[in-house]
Amino acid sequence: MLYKGDTLYLDWLEDGIAELVFDAPGSVNKLDTATVASLGQALEVLEKQHDLKGLLLRSNKAAFIVGADITEFLSLFLVPEEQLSQWLHFANSVFNRLEDLPVPTLAAVNGYALGGGCECVLATDYRLATPDLRIGLPETKLGIMPGFGGSVRLPRMLGADSALEIIAAGKDVGAEHALKIGLVDGVVKQEKLIEGAIAVLRQAITGDLDWRAKRQPKLEPLKLSKIEAAMSFTIAKGMVAQTAGKHYPAPMTAVKTIEAAARFGREEALNLENKSFVPLAHTNEARALVGIFLNDQYVKGKAKKLTKDIETPKQAAVLGAGIMGGGIAYQSAWKGVPVIMKDINDKSLNLGMTEAAKLLNKQLERGKIDGLKLAGVISTIHPTLDYAGFDRVDVVVEAVVENPKVKKAVLAETEQKVRPETVLASNTSTIPIGELASALERPENFCGMHFFNPVHRMPLVEIIRGEKSSDETIAKVVAWASKMGKTPIVVNNCPGFFVNRVLFPYFAGFSQLLRDGADFRKVDKVMEKQFGWPMGPAYLLDVVGIDTAHHAQAVMAAGFPQRMQKEYRDAIDALFDASRFGQKNGLGFWRYKEDSKGKPKKEEDAAVDDLLASVSQTKRDFSDDEIIARMMIPMINEVVRCLEEGIIASPAEADMALVYGLGFPPFHGGAFRWLDTQGSAKYLDMAQQYQHLGPLYEVPEGLRDKTRHNEPYYPPVEPARPVGSLKTA
């Protein structure tokens, strides 16, 4: 053994070839600060071996290196800019030493090589991959850019266009594509990986392969003519401006850095990467996006822990077909859980099967599946008008019309047709779980399972714990949701549960703005372009359905009369009374017509202004800041109340539910991350300016306490250790 660290070791393999093996404790390798330092120490040993002829890098895990240790990011990003810059210089000196070894080097890459893992293998001369490889640089999705030389080496290896596509979009690619663009030099079966790697190294050692020529372009300026450079970078900047926009600075910074570094050799190019990375790491956007990643891991980990002793359902059923039922059936079947889809008429069943077939055909058109796979999946969805097969079902979700009498009757009837241990769930969005459970003989086997539309796209499923729901029931439904590829978040029962409960105060803020003379078009524009929502409130109401919102608004007002009962006729009432139900009937705040792809396209409709004039004061202009404050304060206050009342268990789960269920702008990180970034004192000052507007704008006492004690909602993070100690970790 030449060297042994905590996460890697170095040893002789054969005939002058050494192997450097990443083998961290636990299931995966991460390129954390300690591993970077350990890699430096291993290279120090290696540089002294006079009989060294070649070096093989490999992993003892199912994945090569999954990336940097993102749990370290928040503390690293608090280190002063100069110290963070110094540490990056140190880390890059380690990868440069790997790249500068006087012998050929090869990385045998299996599974994942992402982020820092990808940057590590870019420093070797050759890369041999297994067919299951996913390799790429996802840093821009975390609000940063490659910091270990990825923005320097990748363009010099692949050319500007391919590298820009991967870096700016934060993409990873499979083995076949990586081979095609030159990111790897060969693809071999896992069992042949080491043998193949040694064979390539031997060819390089004997001179049959010119490893020096392979290395040289990575050390030099990017080989691009002025015209080629102008075209590549102009197109890339245009695409990034269009897709990322101003709220996500990392992709544009990465493109501009690669452009500026193109005319320099490695050292100067790395300096430019360093100068761009450090300011990005100190942005609120980076902290928010890293926070989302960590919250996602927390939520998924909690679901995994909850279901560790639970068998995933093997057979499911959906009550009620149509678009929603068909979407749920598709998602279950697509992820490998056969499903019975029951309805009371053929027309609805046909609609449900058509929806599932349409979604599968889209997968076929995109080349994700072949005809055989399509036929296999669709055959696991069994449409029926009766209860045949329900005695074999492990879990049933009811998705019939949003009417308590109908739902209770359907659930009670179904309970008689299934085994005693079968779990029943309701996809209700507003009806209290306790009310539905009252119709059942086994309420402990019942809970809420709230999907979001469209089911195949929306990641969140709210699992609602009723007063009598057993832990096992919750765990079984969480297991099914996880198997479906969804992110399940368990909430306690209340009107609207969590997501709808916090959404309707936001809509109430919108209604008050319109009542006071705001133009809905400007409100939408500000909330989309300035705050960052994917849709403004008017457009969102049209998509949800004005009739659906009108009904839900009444339910919420009955549930929370003190805050959500209104004493005036609002825009939702006016549109509902005029039978303008949104996209579903082509008339809402906008008029809708199908575009060339058959998707609804919104158009101005002057008739709306006349309708809204009856429920609003004279038009007046509101500043962007005032619109944002009046829209967001009711939502934020309600989110805080939900945490205080135990409806949602943690800030992390609340923020992920908002991001995954409502499209809360990820660069804000969620309501609690946004609050912590603003500071509760600043938020309180802002909210108090609007408390005259009514109870929705009154800040909860718990948030006032946070302000008095200067406490954040997320645990405080300490800056990482001084950079000098990182070097010798």
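Backbone N, Cα and C define each Cβ position, glycine as well.
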Field: Record-annotated substrate site (Swiss-Prot): member among ASP208, ASP210, ASP296 besides ASN500, TYR660
entry: ASP296
Task: Can you match one of ASN361, ASN445, ASN453 to the NAD(+) site that Swiss-Prot gives for MET324, ASP343, VAL400, VAL401, GLU402, LYS407, SER429?
output: ASN453
Task: Tell me, if you would, which residue among SER429, ASN453 (binding-site residues) has the fewest other CB atoms within 10 Å in the structure shown?
output: ASN453
Statement: GLU402 (NAD(+) binding site) has its Cβ surrounded, within 10 angstroms, by a count of other Cβ atoms equal to 17
Field: Candidates GLU119, GLU139, HIS450 (recorded positions) - the one closest to LYS407 (NAD(+) binding site) by CA
entry: HIS450
- line: Here the 10 Å Cβ neighbour count for HIS450 (active site, for 3-hydroxyacyl-CoA dehydrogenase activity) comes out at 24
- line: The number of other Cβ atoms within 10 Å of the Cβ of LYS407 (NAD(+) binding site), counted over all protein chains shown, is 23
- line: By the 10 Å Cβ-neighbour count, the most surrounded of the binding-site residues MET324, VAL400, VAL401 is VAL400
